[in-house]
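Here it is, the structure, as structure tokens.
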């Protein structure tokens with residue numbers, strides 16, 4: 001491998017020894033994966049000539065299948081280019097893509113530390129939401145002096161509310177898209193498949209961190225066509241929405257690429273991705289406008 005590898009101490013790096021991937025081939029492969037990830041979403045109606053989906057659920061279930069196919073194809077293509085099949089060790093092959101069978105303590109660190117680091121960005125959001133929650137509970141309890149926001153009864157109400165919300169998410173196809181399918185498939189393709197290719201292509205680590213998210217960001221350009229052509233948005237409005245989206249996908253891509261390279265574990269960027277989708281954009285408003293928070297949406 002003709003570049004510095006921050007994971008040289010990792011046994012899975014041995015599976016990449018002798019991987020003859022040029023820089024141009026790595027870039028072309030990454031661009032092809034990004035294009036295929038988006039193009040296959042439209043293949044059922046444009047290529048296979050299937051009838052349009054009749055409901056939101058069928059629409060997203062069809063897209064879930066397309067995303068799974070594109071992810072599997074990207075893994076196979078990346079593995080073929082890297083030549084990892086030569087090792088013959090499944091654990092080493094999976095380790096190249098950040099899929100590891102470490103001890104529980106190691107997996108725990110790969111989840112908790114990135115999650116804590118990501119939560120620092122949302123410190124203001126978390127505090128403001130907690131403050132609003134406490135204020136609302138105090139207002140609800142003003143008529144009953146025995147009801148306190150820290151009582152066991154109130155904790156039980158919060159727990160029941162959490163369980164009800166989780167139950168609703170399980171049956172919500174949009175929640176599956178935002179919190180499960182999108183983070184898993186996007187991190188697998190745009191981090192686990194692309195970064196090893198770029199590393200073996202001779203690119204330096206900091207170049208990969210700052211340049212690889214370009215593929216991730218450009219994969220969202222299809223949203224402009226959806227907004228402008230299908231939803232009837234004006235050209236400037238669609239351009240502004242997609243421009244902002246491209247901006248924060250690039251910023252998140254830098255962070256996710258850093259996490260993957262630093263930890264060598266796919267769980268780290270996946271957890272950060274899910275957490276950002278749950279939290280939305282960090283609060284940038286004053287305490288008087290805390291309820292006006294934009295959603296982050298999916299990447």
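The first residue you see is number 1, and the count goes up from there.
Including glycine, each Cβ sits where the backbone N, Cα and C put it.
Curation does not apply to TrEMBL; its annotations are automatic.
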Looking at 64-85, 130-151, which stretch does TrEMBL describe as transmembrane segment?
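Spelled out, TrEMBL records transmembrane segment over residues 64-85, not the other listed ranges.
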Of the ranges 175-196, 197-218, which one does TrEMBL flag as transmembrane segment?
197-218
Check the transmembrane segment (197-218) against each of 20-43, 64-85, 105-127 and return whichever range has the most CB pairs under 8 Å.
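Selected stretch: 20-43, with the most Cβ pairs under 8 Å.
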Please give the sequence-distant neighbours of the transmembrane segment (64-85): residues at least 6 beyond its ends with Cβ less than 8 Å from one of its Cβ atoms.
15-16, 18-21, 25-26, 29, 32-33, 36-37, 40-41, 43-44, 92-93, 96-97, 176-177, 181-182, 184-185, 188-189, 192-194, 196-197, 200
